[in-house]
Structures are given as structure tokens and as C-alpha cells.
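Over in Swiss-Prot, the protein carries these features:
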type     : residues                               : note
ACT_SITE : 260                                    : active site, proton acceptor
BINDING  : 228, 229, 230, 231, 232, 233, 259, 260 : ATP binding site
């Protein structure tokens, strides 16, 4: 089977999860367990797509010092590795989990220092894989040293080849990507309310304001805007229709990776030729629901997604 989707992660991380009874500042602790997982938003998207049965390639930048953690995930899930290797170690994010209170403290360590030459290395890996219609997910933050328009550069490259770019980032990189010419705009974006407010420069306090902001993006050339609204679900907007998709019940536990799973669901909808907005919303929301129920930011099951899709609550925008 030929390649069906690409994800690009410029700032991946190894998630090191340390289990403790209780975290006490200034004290010496004995951990009950520790595990290392390959992480980063695009990596999570690739893993979910692979679980769905898609042939997916992961691109990005990995430090050779600890690339083995990522290589193990790629082998396990059947993900094609097209990551650009550089000297040094990929960053590690510490997650201190307190069993007694079920709380997690995150400590994100500095990442690799990269430059334009490294971004060009990723672009060189990407170029021969691109083709018309191919879903290309550009996801996550930028490491130190890369210019704010790094996603915009890769977005323009993929769009010029006719690929369908799904962009999930925030802050200045999002602003730069959304300033592109109409022909270089992403196919879809998935901001949350706060990220969209940062782009518009003013509060978006209700569904009408969110929908108006989404249509402003569509007027610039984007085909689909998906706005995460937390416990309210997600707002899906196209030029001629909009709807809200909600899970039937609130999930328990960590929401880490739920947004990445939703992006994977959007890519899966493109691959399944889900032409109706409701089909797309059901599948994307079901991916997110299944991720929450699995307890693993990188894991879904096709059976779980199909069951969840039927249970997604679809409503009109008030």
C-alpha cells in the first residue's frame, strides 16, 4: 500500500513519566516506576493514524543521541521513518504523577537548538513524498532557533504540490502561517478558542463570534476550521455549513493527546472521502474520545472509533 498521510513534528519530545506516591518539594522521593514514550504532537497523530490502519510517514527532527525511543515506536506501529537526524538529544519532558492525589506535574526541558539548515533538511525529506491530495499534518511548537515562519515555509511547499495541509500550532507560528497567500493556505486548521482569540486580537465570547472568526479564515482560503471548545465539544465550520460535535459524556483522566487524536481523525476523514461535514465531525470526535478512553496519548482502536462515532452528539450552532 502506498503512503497515505504525512505528519511533521519540528519539536518532538520524549515523555518520561515518573510515578510517585506524593510529590513533596525539597524532599527525596522514591519512584515506583518510570517509562519513556516518544512524544510530540505530530508523532501522536502518526501513531493514531497507524492504529487506524493508514500508511503514514513521520517527518521532523530527531537528535541521534536518543532517537532509539522514536525508532522503537515507528517499528511497533509500522510508521515510515523519514525524520531528519541531527547531533545531540531530543528534548525530554518530565511528567511527575502523584498516585495519592491523581495529579501530574510537567517539567519541559530545553530542546535542540536548530537553524534554517535543519528546516531545509526536513523540506528535503518532504519533497519526494508530496503529491496532490495527500494529507500533510504540520503540528506542534517550534524549537529554539527556527524562524516563526517555519510552518509557513513547509505549508507553502506542500500546498504547491497539491497536498492538503492540516495545521495545528499556536502563537506567532500560527499567525505567520495564516498570513500566507490564499494558494498557500492550509486546507484545515484546528485552533482552540484562546489561540483563535490571539489571532483575531479580541475576545470570542460566544458561538457567533467563534463562527465569524472561522469564516474570516475561510475567506482567506482555508477549507475547514475546527475550533476546540473543551467540555463544550468542537465547532466545525466550512463555507456553507457549521455544526457542533460533542462526546455523549465527559471522559475521565488525562486529556493529553486528545487534540492530536482529533487531528488524526480529520486526516482519516480525508482518506475516507468523508465529504459531509457531519461525517468528518463524527470521525474526528470519535478519534479523540477513543484516545481518552485508552489512557494513552498515542493509542486508538478502529473498533473503538467506530463505536464512538455512532455516539457523537451533533448539534446546530446556537
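Positions of Cβ are set from backbone N, Cα and C atoms, glycine also.
Swiss-Prot feature annotations superimposed on the structure.
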residue : record           : Cβ contacts under 8 Å, 6 or more apart
228     : ATP binding site : 190, 191, 192, 193, 234, 259, 262
229     : ATP binding site : 192, 193, 210, 235, 244
230     : ATP binding site : 192, 193
232     : ATP binding site : 244, 246
233     : ATP binding site : 244, 245, 246, 247, 285, 313
Worksheet, complete the sentence: In all the protein chains shown, the tally of other Cβ atoms within 10 Å of the Cβ of residue 231 (ATP binding site) is 9
Discussion item. According to DSSP, collapsed to three classes, what secondary structure does residue 228 (ATP binding site) have?
Written reply: strand
Worksheet item: Between residue 231 (ATP binding site) and the residue listed as 'active site, proton acceptor', how far is it from one CA atom to the other, in Å?
Response: 16
Response to the item:
Top of the recorded positions 259, 260 by count of other CB atoms within 10 A is 260
Item to complete: Please state whether DSSP places the residue listed as 'active site, proton acceptor' in a helix, a strand or coil.
Response: helix
Fill in: Farthest-apart CA atoms of 228, 229, 230, 231, 232, 233, 259, 260, residues recorded for ATP, distance in Å
17
